[in-house]
């Protein structure tokens with residue numbers, strides 16, 4: 001019986017281990033080749049399995065991937081949730097268990113509809129089904145498109161495909177390569193290993209192609225203020241003005257910058273409470289021919305709260321006034337951090353479901369760019385930068401930069417902020433726009449239009465990042481078309497693989 005049990009569990013156990021290794025493909029490890037190998041191993045592991053067996057093998061792979069890959073979430077739950085260890089572990093386990101459903105859905109559907117390891121099934125059907133599972137994970141329950149495999153390729157030759165089809169195209173190519181490797185191993189057809197080699201070589205060739213044109217005449221000096229404010233102290237009334245003056249003093253030392261940028265919710269107060277201060281800040285910035293952008297919390301007249309971005313100084317908005325129509329309001333809210341699903345049930349259960357600032361309202365999906373010192377910027381607050389379609393639709397022909405403000409202090413010295421920066425870099429590469437990322441305690445950085453970090457400052461330090469950024473003109477194919485070509489490719493791939501299966505079985 002023990003032998004039978006071991007025989008039944010050995011593939012799921014192996015899959016969990018392989019899934020956990022997938023984290024090595026992402027920041028901070030960035031062994032990008034791992035993202036090609038681990039899905040190939042998953043395809044090999046489910047070869048010959050029943051649908052039910054494949055489902056559990058895929059589930060184990062996903063459990064391993066997310067247990068290691070999003071371990072940083074536990075830092076926030078344990079540090080700020082106010083619950084005992086058992087409750088913290090239960091919540092973390094529940095999140096991992098939920099996310100593992102999507103790899104399980106992939107393996108089950110593959111074995112259900114395309115069980116045979118044919119070339120068409122592995123090169124067309126498997127990548128298409130993987131993308132469908134990714135899209136569902138990025139949409140269901142507001143979505144969590146973290147650890148999409150394509151993000152791991154930001155520094156690989158495949159990165160050159162991102163301006164053409166976005167991070168999803170990179171994921172597709174990884175799965176095509178993984179399918180070829182699986183086919184080679186299963187059928188001992190080693191010539192199929194040429195397929196991932198050709199994909200990587202093509203990516204290298206594309207790296208010399210520029211889809212957009214830099215505009216050196218519009219080069220801009222920016223100063224990013226990293227306040228390094230302790231998250232446990234930030235919202236204490238006694239710390240309000242020390243925090244505000246910290247950012248103010250650091251800004252005074254950098255008035256020669258064209259744009260000064262503070263992080264998400266840098267001002268620990270409602271905007272309506274600070275009209276005199278903000279009016280004086282606006283005047284000082286104008287006097288120094290500069291502009292300041294900051295994250296701030298807002299409350300509308302109807303009582304709704306918003307996580308917002310405001311700009312003062314040299315802006316098209318005139319002298320400072322409390323006008324919420326001239327602010328950017330975060331649209332994609334963080335579950336449990338900024339809104340609580342089923343809050344009437346969950347809020348009474350534990351402090352974690354009743355965190356401060358966890359009752360925000362959404363802004364519109366598409367909003368006007370923030371304009372500072374003549375430069376339009378497409379904003380994304382923290383978690384929003386992981387939603388590629390939202391960022392894409394907020395970039396216009398006039399947009400000079402991508403702007404993301406964040407506060408990753410919730411996640412301490414974990415790998416979370418490093419993965420977050422990796423995702424932000426992908427947005428710059430996809431859209432051909434330089435990226436400005438201002439955070440409370442890191443990673444504060446700026447990238448060029450290829451997603452390469454050109455300046456950064458260390459985490460967990462009070463510091464100012466000075467840099468010069470050059471806007472670009474033009475649109476990448478991904479900016480113009482979005483994911484529609486991939487939707488069509490997925491539909492055609494599944495149709496062709498299904499037609500070939502039916503014809504073979506006839």
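Here the Cβ of each residue, glycine as well, is placed from N, Cα and C on the backbone.
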Under Swiss-Prot, the annotation transmembrane segment belongs to which of these stretches: 5-25, 26-46? 26-46
Among the residue ranges 192-212, 213-233, I'd like the one that Swiss-Prot describes as transmembrane segment. 192-212
Kindly point out the range from 166-186, 250-270 that Swiss-Prot annotates with transmembrane segment. 166-186
Confidence summary (mean pLDDT) of the domain 'CN hydrolase' (225-471): 92
Tertiary contacts of the transmembrane segment (166-186), as residues 6+ beyond its ends and Cβ separation under 8 Å: 35-37, 39-40, 42-44, 47, 117, 119, 122-123, 126-127, 130-131, 134-135, 148-151, 153, 158-159, 192-193, 195-196, 199-200, 203, 388, 392, 426, 430, 478, 482-483, 486, 489
Sequence-distant contacts of the transmembrane segment (89-109), meaning Cβ under 8 Å and at least 6 residues beyond its ends, amount to 19, 42, 46, 51, 54-63, 65-67, 70, 73-74, 77, 81, 83, 129-130, 132-134, 136-137, 144, 352
Protein Cβ atoms within 10 Å of residue 264 (active site, proton acceptor), excluding its own: 24
Only counting partners 6 or more residues apart, tell me which same-chain residues put their Cβ under 8 Å from the Cβ of residue 330 (active site). 306, 307, 308, 338, 360, 362, 363, 381, 382, 384
